[in-house]
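Here TrEMBL flags 1-26 as region 'Disordered'. As annotated by TrEMBL, repeat 'WD' applies to 22-52, 63-104, 106-136, 156-198, 241-275.
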Amino acid sequence: MYTPQPIPTPEVTYLPNPEHQSESHTSTIYALTSTPRYIISGSKDHSIRIWSKQTQHLAFPPLLAHVGAVVAIEASDAPELIFSGDGKGNVMIWDLTTGALAQNMENAHTDTVLGVAFKGRVLVTASRDQSVKVWEGGPDDDAENEFNAFRLRHTLLGHQGAVLSVCVTHDGTRAVTMSGADRAMRVWDLRSGEVLKSFEGLAGAAVKLQLIGGERKVLAACTDTGIRVFDLESGEEEVCVYGHGNVVRAVQMVGSQDESKMVSASYDSTVRLWERSDGGRGAWSTVRTFSFREAVGNFKMSADDAKRVYDVVVDETDGCIYACGEAREIVQWKLES
């Protein structure tokens, strides 16, 4: 089978701008998220950094409160909040308008927080400790700029391995989680804390999930090098795409209308742009392969320093792909050449 080779990408740029390396993280960047104005990164150096898309500089000084590597991060534009989880089981909530710490949820979990997802007033956190927790809080609807601390509503138990990923419906009423050891996917009612659906022994465990298809399906980046789409009613695998040479760490559908493009990131040091043939009804194939190793090699890092890509964010408005991994810089490519 033909495998597209990484091609030169002269349009590559970086966060921060190479002339301002003093703003960089000091270690591996594990997680990215975005809002219309910002790219937000979490790192092994325990910090969170908020980057202005317009200036390519830090919008605020680094956010420093975590005592472990920041491995999970989510942002909300309305309300303007950042949610982050670290390797020590702590969850923190930040005010995106000021960069100030709004709430420190120490020991929210007993092990690494691997996923955070927020919708409405509901925050869901997933952990290596095999639990999922549902929190409720946030800005007070009756008092402008009044912040109510998030409080635990439910602890969701039943997974037999680390809960690797979580996503939440737009109305904040349901969550989808997936664990590693048992390769189980569960759909939860967040109001009652009950399991709505449980699917065991799936073909691949997912480390990143995205709801698609009117929230009737989930797109999954899997540890066995595959990208899958699961039906949430039946649990059936509708799509399975291979191409990466290692764990697929993140995947994001591009274009919510036709769902004919997606972008994935892998431990094989590449980011891939995929398209579906026949007007979005046919097979998936790689149309561009971006080399993360080549991009960060411009900073004179050895090849061994840039093996893995940990996360990817697609900004469709600006037409850009942002990727992070075993480097101190965030790499930015144009979505289309």
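Backbone N, Cα and C define each Cβ position, glycine as well.
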Contacting positions for the repeat 'WD' (156-198) when only residues 6+ beyond its ends and CB under 8 Å are counted: 111-112, 114-122, 124-134, 204-211, 215, 218, 220, 223, 230, 232-233, 235
Secondary structure content, the repeat 'WD' (63-104) (per DSSP, counts of residues): 0 helix, 26 strand, 16 coil
Positions whose Cβ lies under 8 angstroms from the repeat 'WD' (22-52), at least six residues beyond its ends: 15-16, 58-60, 62-64, 66-77, 80, 82, 84, 86, 94, 96, 99, 310-313, 315, 317, 322-330
Secondary structure content, the repeat 'WD' (106-136) (per DSSP, counts of residues): 0 helix, 18 strand, 13 coil
For the repeat 'WD' (241-275), residues assigned helix / strand / coil by DSSP: 0 helix, 21 strand, 14 coil
